[in-house]
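Participant: Sharing a structure with you now.
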Amino acid sequence: MSLLTEVETPTRNGWECKCSDSSDPLVIAASIIGILHLILWILDRLFFKCIYRRLKYGLKRGPSTEGVPESMREEYRQEQQSAVDVDDGHFVNIELE
């Protein structure tokens, strides 16, 4: 006995489903969950770079500047920027022949 004969049977007009309990709440819930899962999977594949970059770097913020005078905030920003700026002399150019 094959699964094909239990679920669907070929007729002259095409394939016909033999399951008559499609109005069962469990079947409806499973269908909705399946459709939502498919939609979320497609969105994840389309926007995975944005989503995971947001999760990775969006939660990591600098220290709180609440209650710190503006002059100290500007000094901190300049220190952070100077730490990011790198002198080109530190790089070694490698040429492949």
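For all residues, glycine too, the Cβ spot is worked out from N, Cα and C.
Copied straight from Swiss-Prot:
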{"type": "LIPID", "residues": "Cys50", "note": "S-palmitoyl cysteine"}
{"type": "MOD_RES", "residues": "Ser64", "note": "phosphoserine"}
{"type": "MOD_RES", "residues": "Ser82", "note": "phosphoserine"}
{"type": "REGION", "residues": "60-83", "note": "region 'Disordered'"}
{"type": "SITE", "residues": "Trp41", "note": "site 'Seems to be involved in pH gating'"}
{"type": "TOPO_DOM", "residues": "1-22", "note": "topological domain 'Virion surface'"}
{"type": "TOPO_DOM", "residues": "44-97", "note": "topological domain 'Intravirion'"}
{"type": "TRANSMEM", "residues": "23-43", "note": "transmembrane segment"}
Participant: Going along the chain, which residues six or more apart from Ser82 (phosphoserine) have their CB under 8 A from its CB?
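Facilitator: Spatial neighbours, sequence-distant, of Ser82 (phosphoserine): none.
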Participant: If one looks at the chain holding Trp41 (site 'Seems to be involved in pH gating'), which residues at least 6 apart in sequence have a CB under 8 angstroms from its CB?
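Facilitator: Same-chain residues close to Trp41 (site 'Seems to be involved in pH gating') (Cβ under 8 Å, separated by 6 or more): none.
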Participant: Is Cys50 (S-palmitoyl cysteine) helix, strand or coil when read with DSSP?
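Facilitator: Once the DSSP labels are grouped into three classes, Cys50 (S-palmitoyl cysteine) ends up as helix.
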